[in-house]
Structure formats: C-alpha cells, structure tokens
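> One structure, as structure tokens, below. Some questions next.
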C-alpha cells in the first residue's frame with residue numbers, strides 16, 4: 001500500500017512553518033494516542049503515521065530530501081541499515097551517481113553504511129513532569145558493541161585482514177564501455193577487510209542484541225513533539241564503526257484540569273451565578289498550588305481572566321507563560337423549596353417586559369429583536 005503524503009497526514013500546507021507542523025502534530029497525537037483509543041488498531045496505525053510524518057518534516061535535511069524526492073528520499077532502506085533511522089539524503093546521489101563518477105561518493109557511502117542506526121524512544125510524561133523537568137531511567141533494546149571482541153568482530157588474538165581483491169579500498173573498478181565504474185567489492189562487501197576467524201559470540205558482526213538502561217535528563221518546559229538527542233546511544237556500528245544516536249520523543253499526557261498551548265495554560269473555572277453577579281474572590285488551581293482570583297461583578301460566562309507568570313517556563317527562552325481562566329457559570333441544581341422561593345423572588349424583583357433591560361440587557365435585547373423580526377414579516 002502506498003504511503004500518504006506527510007503534509008496531508010498532518011493536515012498542513014507544504015509551506016508550513018515548523019511551529020505549524022508542531023501544533024498539528026500535537027493535536028493529532030492527542031487524538032490518536034493509544035491511551036485514548038483503547039486498543040483500536042486502526043487508530044494506533046494513524047498515531048504511528050503521524051509520528052513518522054512529524055519526524056521527517058521537523059528535520060531540515062530530511063524535509064528537503066522528502067520535498068525533492070518524496071518517500072524515496074527518506075526511505076530507511078537506502079540508508080545505514082535497520083528499521084529505526086531515517087534515510088540519508090546523500091545516499092540518493094551515491095546510488096545514482098557514485099558508480100559512474102568514481103570513488104568520492106563510494107568512500108563516504110562505505111562509512112555511512114557501517115555506522116549504527118539511530119533509534120527512537122517514546123517517552124510519556126505528565127504535564128507536571130514536563131513543566132518541572134526530571135531525570136528518568138529508560139530501557140532501550142538495541143545492538144551494542146560485543147564485549148568479547150571489543151566490537152572488532154574477530155576472535156580474541158586475531159584480527160581482520162586486508163581484502164586482497166580491493167586492497168582495503170572497499171571498492172573495485174570495472175569498465176563499461178567508455179566509463180570506469182566504481183562498485184562495492186564483492187569479496188569484502190565494501191568493508192575493505194575480511195574476518196577469517198570470527199568471534200564466537202557476535203559471529204563477526206562486532207555487536208550483539210542487548211537492552212541498555214540509560215538515564216535521561218528531561219529539561220523543564222518540554223512539550224509534546226520535542227526530542228532529546230543522546231549522541232552515540234543508538235545502535236553500535238558494525239566492526240567498531242561509530243554508533244548511531246538515540247532520540248527520545250516526548251509525549252505529554254492529557255491533564256484533568258489544564259490544557260497547554262505553547263507556554264500558556266488554560267482551565268475552565270465553574271462559578272455560581274450569584275458569585276458571578278456580585279463578584280468577589282475565589283480560589284483557582286495552578287501547578288504551584290491554589291491562588292486567589294478576584295472576580296469582577298457582573299461577570300458573564302466565557303470571560304477570561306489572565307494570571308501572569310502562572311504558566312510554563314519556556315525551555316528555550318526562559319520566559320514564563322500565563323494561566324488563562326475561562327469562567328463557566330453554573331446553573332444550580334437539586335434546589336429545595338426555600339431556594340426556589342428565593343430565586344422566584346429574585347426573578348420577580350427584576351420586573352417584566354422593558355423593566356428587565358436594566359438587569360438583563362441581553363435577554364431584553366434578544367426578545368426585542370425577535371419581536372421586530374416577526375413585526376417585519378407581517379408588514
């Protein structure tokens with residue numbers, strides 16, 4: 001089945017900024033996250049699709065390759081082996097032009113092929129953990145350097161020998177008509193060396209399957225979509241080549257009270273209609289504890305109150321966002337007879353018809369508009 005366009009997956013234009021891409025990813029990651037979809041396999045696949053699109057489009061090199069070559073430009077099978085990393089932009093040129101124009105590309109491609117694959121680890125955090133930062137231990141299945149042969153692939157006491165076919169170059173030259181074509185050496189597979197006495201543990205690969213335990217320091221202020229790079233903590237390279245990197249992908253779980261947008265936090269504050277009418281102080285939650293909020297008299301539902309510097313401290317700039325409280329006026333329920341009497345008295349005290357305009361201007365204006373509408377229909 002053909003892959004969907006990454007921009008289409010995230011619902012953004014091809015010209016979208018990194019900020020737009022991040023906002024789209026955050027929205028879709030929350031929508032399709034397995035915690036919310038309760039084992040729905042189709043939703044799980046959509047979640048993976050969204051993650052893949054985000055990973056490519058927020059990496060400038062991978063995005064450039066994708067924009068020019070489509071999915072072929074970021075195909076992991078064209079890069080340095082394994083299913084964890086993304087494809088290498090340079091490999092496209094190496095495959096197409098390297099054999100024709102000689103060893104410049106070929107030498108580079110040899111080292112890329114031997115480097116360990118990059119890995120990705122999905123880390124879930126609560127909002128509090130993301131805002132405050134923390135150190136976490138993670139366990140990552142990977143290919144690690146073989147301790148028995150120290151990553152060489154050769155049995156202790158022996159070493160790899162220089163390939164006699166390519167004389168250690170990893171490439172051989174063949175003529176095709178007028179062209180001298182460089183190709184990977186068929187004898188050593190492009191490595192330049194041959195292991196004649198391989199290690200009994202790793203069978204000449206220089207690496208073995210292992211689960212590593214790593215400590216990750218999560219900086220305060222991270223958000224869904226942020227990535228933490230751990231250099232050289234990916235898969236070990238073949239036969240002592242450099243290791244890949246580990247990317248820890250952050251996902252912040254949905255909070256019961258707060259919603260986050262950038263460095264600002266939002267919450268809905270239920271308010272009795274009497275308190276909304278006469279005003280006063282109420283307590284509202286923040287991530288540091290409760291604070292007092294002064295409600296102005298005659299507050300209407302939907303009104304926003306901003307508490308400065310009660311949001312999230314930016315992981316990049318250090319500036320602190322705000323907490324925005326949205327008032328939701330609550331209609332009382334389960335009233336006893338006395339409470340109903342008092343409310344009825346209040347209702348009657350406000351008068352009828354035009355007399356209500358003073359205390360309930362919106363209601364009065366609405367019914368005046370309705371009356372005018374029907375008057376116009378009959379005239």
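Just so it is clear, glycine is given a Cβ too, placed from its N, Cα and C backbone atoms.
Note that the coordinates shown come from a computational prediction; the quantities given were computed from them, not determined experimentally.
Checked Swiss-Prot, it gives:
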- 5-70: domain 'J' (DOMAIN)
- 133-211: zinc finger (ZN_FING)
- 146, 149, 199, 202: Zn(2+) 1 binding site (BINDING)
- 146-153: repeat 'CXXCXGXG motif' (REPEAT)
- 163, 166, 185, 188: Zn(2+) 2 binding site (BINDING)
- 163-170: repeat 'CXXCXGXG motif' (REPEAT)
- 185-192: repeat 'CXXCXGXG motif' (REPEAT)
- 199-206: repeat 'CXXCXGXG motif' (REPEAT)
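Help me understand the surroundings of these features in the structure.
For the domain 'J' (5-70), DSSP puts the residue distribution at 52 helix, 0 strand, 14 coil.
For the zinc finger (133-211), the model's pLDDT averages out at 88.
Sequence-distant neighbours of residue 199 (Zn(2+) 1 binding site): residues of the same chain at least 6 apart with a C-beta under 8 Å from its C-beta are 146, 148, 149, 152, 153, 154, 155, 156, 206.
Residue counts for the repeat 'CXXCXGXG motif' (146-153) under DSSP, helix first, then strand, then coil, are 0 helix, 0 strand, 8 coil.
Summarising the environment of residue 185 (Zn(2+) 2 binding site), the number of other Cβ atoms within 10 Å of its Cβ, over all protein chains shown, is 21. DSSP assigns residue 185 (Zn(2+) 2 binding site) to coil, not to a helix or a strand.
Here the repeat 'CXXCXGXG motif' (185-192) has Cβ contacts under 8 Å with residues 109-110, 113-114, 162-166, 168-172, 238-239 of the same chain, all six or more residues outside its ends.
Counting only same-chain residues 6+ beyond the ends of the repeat 'CXXCXGXG motif' (199-206), those with a CB under 8 A from a CB of the stretch are 145-146, 148-149, 151-156, 236-240.
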> By DSSP, what is the split of the repeat 'CXXCXGXG motif' (199-206) into helix, strand and coil residues?
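In the repeat 'CXXCXGXG motif' (199-206), the DSSP-based counts are 0 helix, 0 strand, 8 coil.
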> Compute the mean position of the Cβ atoms of 146, 149, 199, 202, which form the recorded Zn(2+) 1 site, and then list in sequence order the other residues of that chain whose Cβ is within 8 Å of it.
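Along the chain, the qualifying residues are 147, 148, 150, 151, 152, 153, 154, 198, 200, 201, 203, 204, 205, 206, 207, 208.
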> What is the separation, in Å, between the Cα atoms of residue 163 (Zn(2+) 2 binding site) and residue 202 (Zn(2+) 1 binding site)?
21
> Just the number: how many Å between the Cα atoms of residue 202 (Zn(2+) 1 binding site) and residue 188 (Zn(2+) 2 binding site)?
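Residue 188 (Zn(2+) 2 binding site) has its Cα 18 Å from the Cα of residue 202 (Zn(2+) 1 binding site).
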